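Asker: Okay, here's the structure, questions in a sec.
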Amino acid sequence: VVRRRLLQRYEHQPFISCLAGFYSCRWKRYQRERTEPGKCCCSMVNELKISTDMAFCLSLVFLYTWGEGKNDYNGFDWYNYGNLGFWFLWSLVILIVAAVLFAYTSLLLVLAMCLLAEGQQLYLHWSHKIGTFLVLGFTISCLFALSILWRDHRKTVRLSFQVTAPYLHLGAIAIMVLLSWPVALHAIRADKKVVQVVIVGPYLAILLFLFLIPLGMYSPCIREKGTLGPKPALIGHRGAPMLAPENTEMSFLKTIEHGGDGLETDVTISYDGVPFLMHDDTLKRTTNIHEVYPNETGKDASLFSWDSLQKLNAGTWFLKNKPFLGMGSLSKEDQKQAMNQSIYTLSGFLRLADSHNKLVIFDLYRPPEKHPYRNSWIRKILDVILKEAKIKRHLVLWLHNSVRSFVQSVAPGFQHTMGRKAPIEDLLKRNIVKLNLVYTDMSSEDIRKYAEANITTNYYVVNEPWLYSLAWCSGAHSVTTNAVHLLKDLSQPLFLMTPRQYNIMWILTDLTSAFLISLVFVL
């Protein structure tokens with residue numbers, strides 16, 4: 001008896017030693033205790049339900065939420081630039097942290113499950129307890145901040161479910177199959193029927209829910225063959241800002257080079273009446289104004305004369321900051337060209353688009369008070385369009401809404417575009433032929449309704465292939481994008497399948513998982 005007890009106390013168990021060592025920092029056998037039959041459930045509740053599994057679930061939710069928001073990383077980073085005053089890829093840092101935290105909590109959960117399967121008591125080490133509470137604090141804080149500061153992000157996540165839901169369903173079923181082993185083991189070890197019901201009941205309820213959830217699932221990318229509409233046209237957002245400095249001649253040439261169907265830009269007007277391209281109120285983000293006019297970095301861009309604007313470089317910032325995640329490196333020729341970019345005029349932009357027969361759409365920014373063209377800026381811009389550049393009128397998507405009736409009278413032939421949803425009757429009354437909407441408003445039903453009235457839809461800004469695929473499946477006519485060079489190569493939408501293919505995938509998944517889970521419980 002003494003010998004057997006000594007062997008039980010000191011015999012080597014390398015696998016369990018590693019599990020307990022990493023989880024509890026108890027590397028030696030005499031530091032560990034086995035569980036009594038029927039007490040596994042309590043151990044699990046005490047050690048997992050409060051901390052580890054909550055940290056795992058929240059870190060998974062945050063990782064998915066932040067990962068699907070990649071389409072808007074650039075806007076998030078520029079928002080921080082505006083508040084902090086320096087450029088940094090904060091979005092990438094948060095993504096890496098989210099992935100690391102999820103991997104950490106996943107490892108703790110796997111270790112706990114393995115220890116319980118081996119009949120070991122769970123003693124989470126104090127360092128891991130601190131770690132799990134840090135994970136909880138970080139993920140809850142980030143999710144709360146997203147819900148307050150970036151409310152449209154929730155719409156992005158909801159849209160993502162329309163293309164990823166079938167595959168998330170497969171992943172959830174796979175996790176339930178893996179969990180069947182420890183659940184069955186705990187149920188068998190339990191010495192009371194009540195405990196067995198408490199263990200197995202919730203598991204089977206969740207499993208049944210997952211089996212049936214595809215009945216309520218909707219995705220526009222699950223459709224019959226032959227019903228998919230044409231590929232949405234690509235409009236370069238400020239040109240091709242992942243390949244060249246935004247709103248420069250090089251940027252628009254890159255869009256044309258990669259087959260873009262249109263060009264989007266932002267127009268303001270200089271103090272002496274020259275319309276030029278600039279998105280921001282100031283020049284500090286996209287020029288070297290801090291070198292040329294260091295005391296005027298906060299000055300409104302429209303308060304500079306055109307001669308002063310011509311002295312600024314509009315390309316060096318792009319090579320220094322590399323504003324997009326995964327934008328890659330430029331060739332030496334492109335680097336040299338980017339270094340020599342200057343602020344572009346509206347006239348030059350329109351002539352370039354006209355020579356390549358490309359659509360143009362632009363946001364117009366009214367000059368501030370005391371600007372000499374404060375009340376005549378629209379006339380000045382129309383003069384450039386109609387008299388100076390003389391672009392073909394059907395190529396102009398006129399977006400500005402305040403003087404639409406006047407523009408329709410002096411410049412018939414423009415394709416008038418509205419920047420918000422409205423009743424079809426109102427749109428037809430105003431001769432609107434296109435809607436330019438933020439992508440979070442995407443709805444296949446709205447697209448179909450407007451299309452029946454010969455009103456097409458354009459969504460902005462669509463950069464990710466999954467989002468472009470969703471727009472394609474939903475029937476969008478065009479999208480505004482930073483990534484013309486990437487989206488042009490898609491030959492069909494991602495995640496596209498027929499209802500029959502999805503039903504086969506769904507039924508086979510459910511039957512296979514049910515068979516494997518039954519096998520685990522029987523054996």
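Positions of Cβ are set from backbone N, Cα and C atoms, glycine also.
Here the structure is a predicted model, which means the values were calculated and not measured.
Pasting the relevant annotations from TrEMBL:
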TRANSMEM  50-67  transmembrane segment
TRANSMEM  87-118  transmembrane segment
TRANSMEM  130-150  transmembrane segment
TRANSMEM  170-188  transmembrane segment
TRANSMEM  195-218  transmembrane segment
DOMAIN    232-491  domain 'GP-PDE'
TRANSMEM  504-522  transmembrane segment
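Are these features on the surface or tucked inside, and what are their neighbours?
Answerer: Residues 51-52, 54-55, 58-59, 61-62, 65-66, 69, 72, 76, 94, 97-98, 101, 104-105, 108, 124 of the same chain lie 6+ residues outside the transmembrane segment (130-150) yet bring a C-beta within less than 8 angstroms of a C-beta in it.
Residues 38, 41, 162, 165-166, 169, 172-173, 176, 179-180, 183, 186-187, 502, 506, 510, 513-514, 517 of the same chain, all 6+ positions outside the transmembrane segment (195-218), place their C-beta atoms under 8 angstroms from a C-beta of that stretch.
Across the residues of the domain 'GP-PDE' (232-491), the predicted structure has a mean pLDDT of 95.
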Asker: Based on Cβ pairs under 8 Å, which of the stretches 50-67, 87-118, 504-522 lies most in contact with the transmembrane segment (170-188)?
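Answerer: Looking at each of 50-67, 87-118, 504-522 in turn, the most contacts to the transmembrane segment (170-188) are made by 504-522.
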